[in-house]
Ligand SMILES: Cc1cc2nc3c(=O)[nH]c(=O)nc-3n(C[C@H](O)[C@H](O)[C@H](O)COP(=O)(O)O)c2cc1C
């Protein structure tokens, strides 16, 4: 657990800017943006790891044939970490899923393929 | 449904109603359509295995995933796995003779059993069978024709579908897939969650960019009157993205707990 990451420190980063633009959030009211980046900051503090490092770690190995299984493993770990983080939020299951999906959205728009788990 | 509307309605659907099962009879219609596809030498180029998503273990379902086939596997209730039958040259001679016996290939055009035995077997069938590239190339085209007909039949039945690449390393053993069945595509089938329109017809390049008349330097000129007729017949439809597409996607994501 760290307090290194804040909305202000993450907002100008290339990864966050890419996310907001790619998800078409950059023309949404500011609160739509900051509330999401706050969740990302919380997650980064819980893990003590920057978004850049997390992305680099799961993209390592690439997506080429043969490497794909390895890449899946890294992403599954990240996905599980998102779930665990959501469980600790002490909110309803619905809010938990929504918060987790904000983080998944961040990773997806930065090129990390995440298998969203649909509640069927 | 009219043919032109079926062609117009077809688009790759990735957002299905995951809980709405596909009726077995509709799958049969698709397979019958595939079985009627045109094929050279009346051979059998394609194999398909149909499975319902919920009949596969989670592990097997996961094993199908690859970089371009992801959530799609969770949303679609039915999978049709298509394979190229690389043993298609076997029995082809007999099938050609059958066409002669049925008055399809006739003596006026040079066809006889002796011609098949003496010429076609050696100059065509053996050549294909003995050349891996040719065998696969031809098999892929022929299988594609069958798959395309099944795809159109799905839309005629009010379904949606999308062809996908898939990983077959584990599923082959689980489903007893013979070695000579080469993986082609997995067709994910279900009911489109956002209706037939599903965000509109996907973008295409103008006709003249890929089609020509007379020679390869003369682009085919599209006649506006034909375009109007095809629009009326619904072969040409509202292009993507339809005005509320992104709102629809957002709602879909909320309904199923998916990221935006
Ligand atoms: C043979 C074939 C393979 C395809 N493989 C994939 C795939 O692996 N993943 C995917 O998302 N879409 C796949 N597609 C769908 C295409 O990306 C799609 O055709 C395109 O987005 C728009 O065309 P359409 O909607 O008119 O089909 C495939 C389509 C075909 C015909």
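Every residue gets a Cβ built from N, Cα and C, even glycine.
Taken together, the residues in the domain 'Nitroreductase' (B:9-66) have a mean pLDDT of 97 on the 0 to 100 scale. Under the heading domain 'Nitroreductase', TrEMBL lists B:9-66 (among others).
Taking H, G and I as helix, E and B as strand and the rest as coil, DSSP gives the domain 'Nitroreductase' (B:136-191) the counts 25 helix, 15 strand, 16 coil. Annotation source TrEMBL lists domain 'Nitroreductase' at B:136-191 (among others).
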